[in-house]
Amino acid sequence: MTATRIQVRGDSPYDVVVGTGVLAELATLLKPGVRTVAVIHPASLPEISRPVGAALTEAGYEVVELPVPDGEQAKSVEVAAQLWSALGRYGVTRSDAVVGVGGGATTDLAGFVAATWLRGVQVVLVPTTLLAMVDAAVGGKNGIDTPEGKNLVGTFLPPAGVLCELDTLASMPRADYVAGLAEIIKGGFIADPTILTLIESDPEAATRPDGPHTRELIERKIQVKADVVGADLREAGLREILNYGHTLAHAIERDEHYAIRHGEAVAIGMVYAAELSRLAGRADLVERTRTILTSVGLPTAYRADAWPRLRDHMRLDKKNRGAKQRFVVLDDLARPGRLEGPAEELLEAAYKEISA
Ligand SMILES: NC(=O)c1ccc[n+]([C@@H]2O[C@H](COP(=O)([O-])OP(=O)(O)OC[C@H]3O[C@@H](n4cnc5c(N)ncnc54)[C@H](O)[C@@H]3O)[C@@H](O)[C@H]2O)c1
Ligand SMILES: O=C(O)C(=O)C[C@@H](O)[C@H](O)[C@H](O)COP(=O)(O)O
Ligand SMILES: [Zn+2]
(Lines of atoms letter the chains of each structure in order from A and count residues from 1; the text may use other names and numbers.)
(Lines give C-alpha, C1' and ligand atoms only; values in the text may rest on other atoms or scores of the structure.)
(Ligands and ions follow the chains in the order given, each with its own letter.)
Protein backbone atom coordinates (compact mmCIF):
# COMPACT_ATOMS: atom_id res chain seq x y z
CA MET A 1 0.00 0.00 0.00
CA THR A 2 1.29 3.49 -0.74
CA ALA A 3 2.57 5.79 1.94
CA THR A 4 0.48 8.74 3.09
CA ARG A 5 2.36 11.96 3.91
CA ILE A 6 0.63 14.26 6.35
CA GLN A 7 2.28 17.66 6.52
CA VAL A 8 2.62 19.48 9.82
CA ARG A 9 2.80 23.20 9.13
CA GLY A 10 4.52 25.91 11.15
CA ASP A 11 7.94 27.56 11.17
CA SER A 12 9.65 24.16 10.78
CA PRO A 13 7.24 22.08 8.68
CA TYR A 14 7.72 18.33 8.45
CA ASP A 15 6.03 15.20 7.16
CA VAL A 16 4.45 12.32 9.02
CA VAL A 17 4.82 9.31 6.74
CA VAL A 18 2.24 6.55 7.32
CA GLY A 19 2.18 3.15 5.63
CA THR A 20 3.45 -0.40 5.47
CA GLY A 21 6.93 -1.17 4.16
CA VAL A 22 7.93 2.48 4.51
CA LEU A 23 11.22 2.08 6.40
CA ALA A 24 13.23 2.95 3.29
CA GLU A 25 11.72 6.46 3.53
CA LEU A 26 13.51 7.06 6.85
CA ALA A 27 16.65 8.48 5.29
CA THR A 28 14.59 10.96 3.23
CA LEU A 29 13.35 12.54 6.46
CA LEU A 30 16.85 13.46 7.68
CA LYS A 31 18.14 16.86 6.69
CA PRO A 32 21.33 16.89 4.57
CA GLY A 33 24.81 16.86 6.13
CA VAL A 34 24.30 14.14 8.74
CA ARG A 35 27.19 11.77 9.42
CA THR A 36 26.29 10.06 12.71
CA VAL A 37 22.79 8.98 13.74
CA ALA A 38 22.19 8.06 17.39
CA VAL A 39 19.31 5.59 17.56
CA ILE A 40 17.54 5.70 20.94
CA HIS A 41 15.31 2.67 21.49
CA PRO A 42 14.06 0.44 24.34
CA ALA A 43 16.54 -2.36 25.03
CA SER A 44 13.55 -4.71 25.15
CA LEU A 45 12.64 -4.18 21.48
CA PRO A 46 15.72 -5.28 19.51
CA GLU A 47 13.66 -6.88 16.75
CA ILE A 48 11.98 -3.56 16.08
CA SER A 49 15.00 -1.27 16.38
CA ARG A 50 17.40 -3.49 14.42
CA PRO A 51 15.78 -2.89 10.99
CA VAL A 52 15.81 0.85 11.69
CA GLY A 53 19.56 0.80 12.35
CA ALA A 54 20.08 -1.40 9.29
CA ALA A 55 18.12 0.97 7.04
CA LEU A 56 20.26 3.89 8.24
CA THR A 57 23.52 1.97 7.81
CA GLU A 58 22.44 1.00 4.30
CA ALA A 59 21.77 4.65 3.54
CA GLY A 60 25.40 5.41 4.47
CA TYR A 61 25.12 6.80 8.01
CA GLU A 62 27.32 5.87 10.93
CA VAL A 63 24.84 4.39 13.38
CA VAL A 64 25.23 4.49 17.17
CA GLU A 65 22.80 2.28 19.10
CA LEU A 66 21.62 3.75 22.42
CA PRO A 67 19.33 1.31 24.28
CA VAL A 68 17.22 2.71 27.14
CA PRO A 69 14.88 1.20 29.78
CA ASP A 70 11.40 0.18 28.73
CA GLY A 71 8.43 2.54 28.72
CA GLU A 72 7.96 5.29 31.30
CA GLN A 73 11.07 4.22 33.25
CA ALA A 74 13.10 5.86 30.51
CA LYS A 75 11.58 9.32 31.07
CA SER A 76 13.95 10.33 33.87
CA VAL A 77 16.75 12.82 34.23
CA GLU A 78 19.11 9.94 35.06
CA VAL A 79 18.46 8.23 31.71
CA ALA A 80 18.68 11.56 29.88
CA ALA A 81 22.05 12.21 31.55
CA GLN A 82 23.34 8.79 30.46
CA LEU A 83 22.33 9.62 26.89
CA TRP A 84 24.02 13.04 27.02
CA SER A 85 27.22 11.26 28.11
CA ALA A 86 26.93 8.73 25.30
CA LEU A 87 26.35 11.46 22.69
CA GLY A 88 29.51 13.13 23.96
CA ARG A 89 31.54 9.92 23.86
CA TYR A 90 30.43 9.21 20.29
CA GLY A 91 31.16 12.77 19.16
CA VAL A 92 27.63 13.60 17.96
CA THR A 93 27.76 17.15 16.57
CA ARG A 94 25.17 19.74 15.62
CA SER A 95 25.05 18.44 12.04
CA ASP A 96 24.26 14.93 13.27
CA ALA A 97 20.90 13.47 14.27
CA VAL A 98 18.97 11.53 16.88
CA VAL A 99 16.40 8.94 15.82
CA GLY A 100 13.91 7.81 18.48
CA VAL A 101 12.34 4.38 17.96
CA GLY A 102 9.63 3.02 20.26
CA GLY A 103 6.49 3.96 22.14
CA GLY A 104 5.58 7.43 23.31
CA ALA A 105 7.82 7.24 26.35
CA THR A 106 10.85 6.63 24.17
CA THR A 107 9.94 9.27 21.59
CA ASP A 108 9.35 11.80 24.41
CA LEU A 109 12.79 11.00 25.84
CA ALA A 110 14.54 11.02 22.46
CA GLY A 111 12.96 14.35 21.56
CA PHE A 112 14.03 15.83 24.88
CA VAL A 113 17.62 14.60 24.59
CA ALA A 114 17.86 15.85 20.99
CA ALA A 115 16.46 19.24 22.00
CA THR A 116 18.94 19.66 24.84
CA TRP A 117 22.09 18.13 23.35
CA LEU A 118 24.27 21.01 22.06
CA ARG A 119 21.08 23.12 22.52
CA GLY A 120 19.35 21.18 19.79
CA VAL A 121 20.12 18.62 17.11
CA GLN A 122 17.60 17.28 14.63
CA VAL A 123 15.41 14.36 15.64
CA VAL A 124 13.43 11.94 13.51
CA LEU A 125 10.85 9.83 15.33
CA VAL A 126 9.83 6.27 14.48
CA PRO A 127 6.82 5.55 16.72
CA THR A 128 6.08 1.85 17.15
CA THR A 129 2.91 1.96 19.29
CA LEU A 130 -0.52 3.12 18.24
CA LEU A 131 -0.43 5.90 20.82
CA ALA A 132 2.96 7.17 19.73
CA MET A 133 1.93 7.20 16.05
CA VAL A 134 -1.29 9.14 16.56
CA ASP A 135 -0.11 11.45 19.32
CA ALA A 136 3.27 11.37 21.09
CA ALA A 137 5.60 11.47 18.09
CA VAL A 138 3.70 14.24 16.33
CA GLY A 139 3.81 17.82 17.49
CA GLY A 140 7.25 18.46 18.93
CA LYS A 141 6.29 18.23 22.61
CA ASN A 142 8.85 16.17 24.51
CA GLY A 143 9.70 15.64 28.14
CA ILE A 144 10.67 13.61 31.15
CA ASP A 145 9.02 13.04 34.53
CA THR A 146 10.30 14.23 37.91
CA PRO A 147 9.35 12.95 41.38
CA GLU A 148 6.86 15.85 41.54
CA GLY A 149 4.93 14.80 38.46
CA LYS A 150 4.48 13.87 34.84
CA ASN A 151 6.27 15.65 31.95
CA LEU A 152 7.34 18.50 34.22
CA VAL A 153 10.58 19.09 32.30
CA GLY A 154 10.65 19.31 28.54
CA THR A 155 10.79 21.48 25.45
CA PHE A 156 9.06 22.05 22.13
CA LEU A 157 11.22 20.83 19.24
CA PRO A 158 9.44 19.88 16.01
CA PRO A 159 10.96 16.67 14.61
CA ALA A 160 12.54 16.70 11.16
CA GLY A 161 10.08 13.94 10.30
CA VAL A 162 7.98 11.10 11.68
CA LEU A 163 7.79 7.61 10.20
CA CYS A 164 4.82 5.38 11.11
CA GLU A 165 5.55 1.85 9.92
CA LEU A 166 2.16 0.22 10.42
CA ASP A 167 3.63 -3.29 10.34
CA THR A 168 5.19 -2.69 13.77
CA LEU A 169 1.72 -2.58 15.36
CA ALA A 170 1.24 -6.32 14.82
CA SER A 171 3.48 -7.24 17.77
CA MET A 172 1.82 -4.87 20.23
CA PRO A 173 0.25 -6.40 23.34
CA ARG A 174 -3.51 -5.91 23.12
CA ALA A 175 -3.73 -3.77 26.28
CA ASP A 176 -1.10 -1.34 24.96
CA TYR A 177 -2.86 -1.15 21.60
CA VAL A 178 -6.21 -0.43 23.25
CA ALA A 179 -4.59 2.25 25.42
CA GLY A 180 -3.66 4.05 22.19
CA LEU A 181 -7.32 4.12 21.21
CA ALA A 182 -7.96 6.53 24.10
CA GLU A 183 -5.95 9.27 22.34
CA ILE A 184 -7.75 8.50 19.06
CA ILE A 185 -11.12 8.78 20.82
CA LYS A 186 -9.93 12.07 22.35
CA GLY A 187 -9.39 13.33 18.81
CA GLY A 188 -12.97 12.32 18.00
CA PHE A 189 -14.45 14.32 20.87
CA ILE A 190 -12.36 17.46 20.45
CA ALA A 191 -12.26 17.76 16.65
CA ASP A 192 -13.27 14.89 14.36
CA PRO A 193 -16.50 13.05 15.30
CA THR A 194 -16.12 10.69 12.31
CA ILE A 195 -13.50 8.97 14.45
CA LEU A 196 -16.24 8.21 16.99
CA THR A 197 -18.70 6.86 14.42
CA LEU A 198 -16.03 4.62 12.87
CA ILE A 199 -15.26 3.09 16.27
CA GLU A 200 -18.91 2.90 17.32
CA SER A 201 -19.75 1.03 14.10
CA ASP A 202 -17.54 -1.91 15.16
CA PRO A 203 -15.73 -1.44 18.49
CA GLU A 204 -14.16 -4.90 18.45
CA ALA A 205 -12.56 -4.26 15.07
CA ALA A 206 -11.14 -0.99 16.38
CA THR A 207 -9.14 -2.93 18.96
CA ARG A 208 -7.17 -4.80 16.28
CA PRO A 209 -4.27 -3.52 14.17
CA ASP A 210 -5.79 -5.40 11.22
CA GLY A 211 -9.24 -3.85 11.69
CA PRO A 212 -10.96 -2.44 8.59
CA HIS A 213 -10.74 1.18 9.77
CA THR A 214 -7.32 1.08 11.46
CA ARG A 215 -5.47 3.10 8.87
CA GLU A 216 -8.25 5.68 8.54
CA LEU A 217 -8.44 6.08 12.32
CA ILE A 218 -4.69 6.58 12.54
CA GLU A 219 -4.57 9.09 9.71
CA ARG A 220 -7.58 11.03 10.96
CA LYS A 221 -6.08 11.39 14.45
CA ILE A 222 -2.69 12.41 13.07
CA GLN A 223 -4.49 15.02 10.95
CA VAL A 224 -6.29 16.38 14.05
CA LYS A 225 -2.97 16.71 15.83
CA ALA A 226 -1.17 18.15 12.80
CA ASP A 227 -3.85 20.83 12.34
CA VAL A 228 -3.59 21.91 15.98
CA VAL A 229 0.18 21.87 16.49
CA GLY A 230 0.74 23.41 13.05
CA ALA A 231 -1.22 26.43 14.27
CA ASP A 232 0.05 26.54 17.88
CA LEU A 233 3.31 24.70 18.53
CA ARG A 234 3.99 26.21 21.95
CA GLU A 235 0.52 25.83 23.45
CA ALA A 236 -0.29 29.53 23.54
CA GLY A 237 -3.98 28.64 23.38
CA LEU A 238 -5.45 26.25 20.79
CA ARG A 239 -3.04 23.41 21.57
CA GLU A 240 -4.53 23.04 25.04
CA ILE A 241 -7.42 21.14 23.48
CA LEU A 242 -5.06 18.16 22.99
CA ASN A 243 -4.86 18.05 26.78
CA TYR A 244 -8.56 17.09 27.04
CA GLY A 245 -8.83 14.53 29.86
CA HIS A 246 -5.18 14.91 30.82
CA THR A 247 -5.51 17.02 33.97
CA LEU A 248 -6.87 14.11 35.96
CA ALA A 249 -5.01 11.54 33.82
CA HIS A 250 -1.58 12.84 34.79
CA ALA A 251 -2.62 12.94 38.46
CA ILE A 252 -3.72 9.30 38.25
CA GLU A 253 -0.46 8.30 36.54
CA ARG A 254 1.49 9.90 39.33
CA ASP A 255 -0.75 8.28 41.94
CA GLU A 256 -0.06 4.89 40.33
CA HIS A 257 3.70 5.56 40.12
CA TYR A 258 3.26 5.25 36.31
CA ALA A 259 2.19 1.59 36.56
CA ILE A 260 -1.04 2.51 34.73
CA ARG A 261 -0.85 3.04 30.95
CA HIS A 262 -1.07 6.66 29.83
CA GLY A 263 -4.00 5.87 27.53
CA GLU A 264 -5.92 4.15 30.34
CA ALA A 265 -5.46 7.18 32.57
CA VAL A 266 -6.57 9.45 29.71
CA ALA A 267 -9.73 7.35 29.29
CA ILE A 268 -10.66 7.91 32.97
CA GLY A 269 -9.64 11.56 32.65
CA MET A 270 -11.95 12.04 29.68
CA VAL A 271 -14.94 10.73 31.63
CA TYR A 272 -14.03 13.18 34.40
CA ALA A 273 -13.77 16.04 31.90
CA ALA A 274 -17.12 15.02 30.39
CA GLU A 275 -18.68 15.04 33.88
CA LEU A 276 -17.14 18.45 34.57
CA SER A 277 -18.57 19.74 31.29
CA ARG A 278 -22.04 18.43 32.16
CA LEU A 279 -22.03 19.71 35.74
CA ALA A 280 -20.78 23.12 34.59
CA GLY A 281 -23.75 23.39 32.22
CA ARG A 282 -21.75 22.85 29.06
CA ALA A 283 -22.07 19.77 26.79
CA ASP A 284 -23.49 16.53 28.13
CA LEU A 285 -21.45 13.86 26.39
CA VAL A 286 -21.00 11.67 29.44
CA GLU A 287 -22.96 8.67 28.21
CA ARG A 288 -21.34 8.66 24.78
CA THR A 289 -17.91 8.95 26.40
CA ARG A 290 -18.49 6.08 28.82
CA THR A 291 -20.07 3.87 26.17
CA ILE A 292 -17.36 4.20 23.55
CA LEU A 293 -14.53 3.78 26.05
CA THR A 294 -16.16 0.73 27.63
CA SER A 295 -16.88 -0.77 24.21
CA VAL A 296 -13.17 -1.00 23.42
CA GLY A 297 -12.22 -2.14 26.92
CA LEU A 298 -10.89 1.09 28.43
CA PRO A 299 -11.46 2.01 32.11
CA THR A 300 -13.91 4.76 33.07
CA ALA A 301 -13.63 4.91 36.88
CA TYR A 302 -11.02 5.27 39.61
CA ARG A 303 -10.72 4.65 43.33
CA ALA A 304 -12.95 6.85 45.49
CA ASP A 305 -10.34 7.23 48.25
CA ALA A 306 -7.79 8.73 45.88
CA TRP A 307 -9.52 12.12 45.49
CA PRO A 308 -7.51 14.17 48.05
CA ARG A 309 -4.21 13.03 46.51
CA LEU A 310 -5.39 13.52 42.92
CA ARG A 311 -6.70 17.00 43.75
CA ASP A 312 -3.29 17.86 45.12
CA HIS A 313 -1.41 16.47 42.10
CA MET A 314 -3.63 18.50 39.72
CA ARG A 315 -2.31 21.75 41.22
CA LEU A 316 0.89 21.25 39.18
CA ASP A 317 -0.90 20.93 35.84
CA LYS A 318 0.75 23.03 33.13
CA LYS A 319 -2.52 24.65 32.09
CA ASN A 320 -2.89 26.25 35.53
CA ARG A 321 -2.12 29.93 35.95
CA GLY A 322 -1.10 30.79 39.49
CA ALA A 323 -3.67 29.35 41.86
CA LYS A 324 -6.25 29.10 39.06
CA GLN A 325 -6.97 25.52 38.06
CA ARG A 326 -7.89 25.26 34.37
CA PHE A 327 -9.52 22.40 32.46
CA VAL A 328 -10.34 21.68 28.86
CA VAL A 329 -14.06 20.87 28.66
CA LEU A 330 -16.53 20.42 25.80
CA ASP A 331 -19.06 23.13 24.95
CA ASP A 332 -20.39 20.73 22.32
CA LEU A 333 -19.10 17.81 20.32
CA ALA A 334 -15.89 18.93 18.58
CA ARG A 335 -16.19 22.35 20.28
CA PRO A 336 -13.71 22.43 23.16
CA GLY A 337 -13.85 25.21 25.75
CA ARG A 338 -12.10 26.03 28.99
CA LEU A 339 -13.26 25.85 32.58
CA GLU A 340 -11.29 28.38 34.62
CA GLY A 341 -11.09 28.34 38.39
CA PRO A 342 -14.03 25.99 39.02
CA ALA A 343 -15.44 25.69 42.55
CA GLU A 344 -13.93 22.90 44.65
CA GLU A 345 -17.44 21.45 45.12
CA LEU A 346 -17.79 21.08 41.34
CA LEU A 347 -14.44 19.30 41.02
CA GLU A 348 -15.35 16.92 43.83
CA ALA A 349 -18.87 16.31 42.53
CA ALA A 350 -17.49 15.33 39.12
CA TYR A 351 -15.04 12.97 40.80
CA LYS A 352 -17.85 11.29 42.76
CA GLU A 353 -19.48 10.47 39.41
CA ILE A 354 -16.40 8.55 38.24
CA SER A 355 -15.50 6.95 41.59
CA ALA A 356 -15.38 3.19 41.75
N1 LIG B 1 4.66 14.25 23.51
C2 LIG B 1 3.38 14.09 23.35
O3 LIG B 1 2.70 14.89 22.70
C4 LIG B 1 2.71 12.90 23.94
C5 LIG B 1 1.40 12.57 23.56
C6 LIG B 1 0.80 11.45 24.12
C7 LIG B 1 1.51 10.64 25.01
N8 LIG B 1 2.78 10.97 25.33
C9 LIG B 1 3.57 10.10 26.22
O10 LIG B 1 3.66 8.82 25.60
C11 LIG B 1 3.85 7.84 26.62
C12 LIG B 1 2.91 6.67 26.38
O13 LIG B 1 3.26 6.09 25.14
P14 LIG B 1 2.91 4.55 24.83
O15 LIG B 1 1.50 4.29 25.12
O16 LIG B 1 3.43 4.30 23.48
O17 LIG B 1 3.70 3.79 25.96
P18 LIG B 1 5.20 3.23 26.05
O19 LIG B 1 6.16 4.05 25.31
O20 LIG B 1 5.44 3.02 27.50
O21 LIG B 1 5.09 1.82 25.31
C22 LIG B 1 4.22 0.84 25.82
C23 LIG B 1 4.89 -0.54 25.79
O24 LIG B 1 4.89 -1.03 24.45
C25 LIG B 1 6.20 -1.52 24.12
N26 LIG B 1 6.29 -1.44 22.66
C27 LIG B 1 6.53 -0.37 21.90
N28 LIG B 1 6.38 -0.67 20.61
C29 LIG B 1 6.04 -1.97 20.55
C30 LIG B 1 5.74 -2.87 19.49
N31 LIG B 1 5.68 -2.44 18.23
N32 LIG B 1 5.47 -4.16 19.79
C33 LIG B 1 5.47 -4.58 21.08
N34 LIG B 1 5.71 -3.78 22.13
C35 LIG B 1 5.99 -2.49 21.85
C36 LIG B 1 7.11 -0.63 24.90
O37 LIG B 1 8.37 -1.19 25.02
C38 LIG B 1 6.34 -0.52 26.23
O39 LIG B 1 6.56 -1.64 27.04
C40 LIG B 1 3.61 8.53 27.94
O41 LIG B 1 4.84 8.80 28.54
C42 LIG B 1 2.93 9.81 27.54
O43 LIG B 1 3.14 10.84 28.47
C44 LIG B 1 3.40 12.07 24.82
O1 LIG C 1 0.46 17.38 22.33
C2 LIG C 1 -0.13 17.90 23.27
O3 LIG C 1 -0.11 19.12 23.47
C4 LIG C 1 -0.90 17.09 24.22
O5 LIG C 1 -1.39 17.58 25.21
C6 LIG C 1 -1.06 15.65 23.88
C7 LIG C 1 -1.21 14.74 25.07
O8 LIG C 1 -1.84 13.56 24.59
C9 LIG C 1 0.13 14.30 25.68
O10 LIG C 1 -0.11 13.31 26.64
C11 LIG C 1 1.05 15.37 26.20
O12 LIG C 1 2.32 14.82 26.50
C13 LIG C 1 0.56 16.03 27.45
O14 LIG C 1 1.29 17.18 27.60
P15 LIG C 1 1.51 17.96 28.96
O16 LIG C 1 1.94 19.30 28.50
O17 LIG C 1 0.22 18.00 29.69
O18 LIG C 1 2.56 17.25 29.71
ZN1 LIG D 1 -1.77 12.03 26.08
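Cβ atoms are placed via backbone N, Cα and C, with glycine included.
Here TrEMBL flags 70-75, 104-108, 128-129, K141, K150 as NAD(+) binding site. Long-range C-beta contacts of A74 (NAD(+) binding site), restricted to its own chain and to partners at least six residues apart, with a cutoff below 8 Å, comprise P42, V68, A105, T106, L109. Under the three-state DSSP scheme, A74 (NAD(+) binding site) falls in the helix class.
Reduced to three states, the DSSP call for E183 (Zn(2+) binding site) is helix. Under the heading Zn(2+) binding site, TrEMBL lists E183, H246, H262.
Helix, strand and coil counts under DSSP for the domain '3-dehydroquinate synthase N-terminal' (67-176) come to 49 helix, 29 strand, 32 coil. Per TrEMBL, domain '3-dehydroquinate synthase N-terminal' is recorded for 67-176.
According to TrEMBL, the feature domain '3-dehydroquinate synthase C-terminal' maps to 180-320.
Rounded to a whole number, the C-alpha distance linking E183 (Zn(2+) binding site) with D70 (NAD(+) binding site) is 21 angstrom. Listed in chain order, the residues near the Zn(2+) site other than E183, H246, H262 are L131, D135, A182, K186, G245, A249, G263, A265, V266, G269, each with its Cβ within 8 Å of the site Cβ centroid.
For ligand 1, the neighbouring binding-site residues among D70, A74, H246 are D70, by Cβ distance under 6 Å. Long-range Cβ contacts of G104 (NAD(+) binding site) within its own chain (separation 6+, distance under 8 Å): P127, T129, L131, A132, D135, A136, A137, H262. H246 (Zn(2+) binding site) sits 16 Å from E72 (NAD(+) binding site), counting Cα to Cα. H246 (Zn(2+) binding site) falls within a helical segment according to DSSP.
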